[in-house]
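For reference, the structure discussed in these notes is given below.
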Amino acid sequence: MQNPLHTGARGARNTCQGIMSVDRLFDELGHFKRFQACLYFAAVFQAIACGIHYLASVFLVERPSFVCAPPGNVTDVLYGNYTGASLEEVLPFFKPANGPMVVRTAEGKQWELSTCQRTQRMNPTDFTYEQLVNRTTEKCDSNYHYVYDHSEVYQSIVTDWDLVCDREWLAKLCQPTFMMGVLVGALVFGDIADRVGRRRILMITSLCQFVFGVSVAFTGNYYLFMFIRFLLAMVSSGYLVVVFVYVTEFTGNKVRTWTSMHVHAAFAVGVMMVAVMGYLVRTWRSYQILLSTCTSPFLFFCWKFPETPFYLMAKGRLQETQVLLDSIARFNGLEPGRLKAEDLLEPEEALLEKEVAAGVAQPAEPEKKLSILDLFGTWRMGWRTVTVGAVWFISSLGYYVFSLGSVNLGGNQYINLFLAGAVEFPSYLIGCYAMDRVGRKRTCAPALLLAGMACMLIIVVPNDIEVLAIFLSMTGKFAIAIAFGLIYLYTCELYPTIIRSLAVGSGSMMCRVGSVVAPFCVYLADIWQFLPQLIVGILAFIIGVLTLWLPETLGEPLTSTMEEAEALGRKKNPEEDKKDPEEGMEMNLNQSN
């Protein structure tokens, strides 16, 4: 039964009692007992699929060595000190910067082959690597075909659809387009989850991840491939946004830091699985199918997921809330009925609820539909939203700039990607420990400042000291990963239940703006080698300072109304109140008005 009360009116009543009620739910039923643990690990398992699909394009668009194919059958090949009877024998050693590859065909013609053109030697005297004769050059385009080195990459979308030379930009567009889908999905599904519930979105996005993921492998052309991948990005982003809210609303504040941060650990597992699968499977269609089906067991039990008690209470569905509370108690080995749903309401609300049921009182106005504009409803909330959005942006921008820049470190690309996922585990462990000891704000701000300092130091490191550059790069990613991990939980705690999914979705949208911008930021290295690090370093340092103005949420219960959320950080002690930067800023703004 839908609650006739206006949920926004809760903040006008006794907010202290509301806070006690939230604490009581977990104190009575357990902060992370058997029910929450089973639900948590089941929900987080599917987050592995999000990490997989986000990074899968690393090997989907992998470009092997290639040359423009000559007309006719090749009988002899020369390339520096290498000789062979076919292009496939010599291609693994081909480097465009070292000069063309010289071939002789069965008709006796000689060609100098480069990546995007071929040059015919006119009237050659003998077959040598260097020869001074007249030449005729032809540009390699759609009228010709290319020969690819299949020793490392047997098949990718690049080799299937010749996404090289003039069409190379189509391959480079693959990851930014996917991130555009992630951006749209974060905003759309975050808003829908606040309207229809977290459970439905988790079920729909999980099923769609499987369907779209497998469908990508059967696309017959580039444009259909990009379209299906865009839809896959939307649903993957939708699941990742909502699952953070879902696990947050099922766990108590004693373990909420660890449960939220370790969703990222599942994402990192997905990154490592991409590296392993990329090494084992060199055909992109099989690779895509295997990656899409490895988390398919989740589909058999996700339909058993319950709706969160916070969402049910916010919508006034007390009967369903009571059934859920009894199920949690029973599964945790407690007595059903020990906690009543009505006890989680403020006293005045509970009384009014009974009066409405008895026909004594008239129901209030229908529930107000909240939008993204409500995140900027007051100066205090507006400043908070801008700062949180900036943290989301720089966390994503820095994360991908460090990740994409790691390809210049050398070594095996599969090992590098595997380590890029593995290095996140110590970040989340240390981040969790710091968040529970010194607080969310005092962990996020130093992490961003450390990342900014690492970027600045990379710029001054001599080129011949590669070990130090690698160490600083890993330090920067380590710090950024801490900020990236905690901002999800921090955002959940800074906003109330009625708009929490939308806040996380909006923040994730800013995060994806950063991920879309990141590849283009990396391209700026063509102008100056350290320009990407300079941009990330300056932004990380500035945003790290701004983060100090956010309220601390360590030990605070989740809020239910905008009024309760806005009160975060306000100190009752006048002496402490003067030390609250956000409060002081709001007072100054009010005075200026």
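From the backbone N, Cα and C atoms, a Cβ is placed for every residue, glycine too.
Same-chain residues lying 6 or more positions outside the transmembrane segment (37-56) and placing a CB less than 8 Å from one of its CB atoms are 178, 182, 202, 206, 209, 213, 232-233, 236-237, 239-240, 243, 246-247, 250-251, 259, 262-263, 266-271, 273-274, 287-288, 291-292, 294-295, 298, 301-302, 305-306, 331, 417, 421. Under the heading transmembrane segment, TrEMBL lists 37-56 (among others).
What TrEMBL records for 127-555 is domain 'Major facilitator superfamily (MFS) profile'.
Annotation source TrEMBL lists transmembrane segment at 201-220 (among others).
Per TrEMBL, the feature transmembrane segment maps to 226-247 (among others).
Positions annotated as transmembrane segment by TrEMBL: 259-281 (among others).
The feature transmembrane segment is assigned by TrEMBL to 381-402 (among others).
Marked as transmembrane segment by TrEMBL: 414-431 (among others).
According to TrEMBL, the feature transmembrane segment maps to 443-461 (among others). Sequence-distant contacts of the transmembrane segment (443-461) (same chain, six or more residues past either end, CB-CB distance under 8 Å): 391, 394-395, 398, 431, 434-435, 468-469, 472-473, 475-476, 479-480, 482-483, 486-487, 490, 530, 533-534, 536-541, 543-545, 547-548, 550.
Among the features that TrEMBL reports, transmembrane segment is placed at 467-490 (among others).
What TrEMBL records for 502-525 (among others) is transmembrane segment.
The transmembrane segment annotation in TrEMBL covers 531-550 (among others).
Marked as region 'Disordered' by TrEMBL: 561-593.
The annotation compositional bias 'Basic and acidic residues' is assigned in TrEMBL to 567-582.
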Contact between the transmembrane segment (502-525) and the transmembrane segment (226-247) (at least 3 Cβ pairs under 8 Å, separation 6+): yes
Selected stretch (most C-beta pairs under 8 A with the transmembrane segment (531-550)) from 226-247, 259-281, 381-402, 414-431, 467-490: 381-402
Closest-packing stretch to the transmembrane segment (381-402), where packing means Cβ pairs under 8 Å, from 226-247, 259-281, 414-431, 467-490: 467-490
Arithmetic mean of per-residue pLDDT over the domain 'Major facilitator superfamily (MFS) profile' (127-555): 82
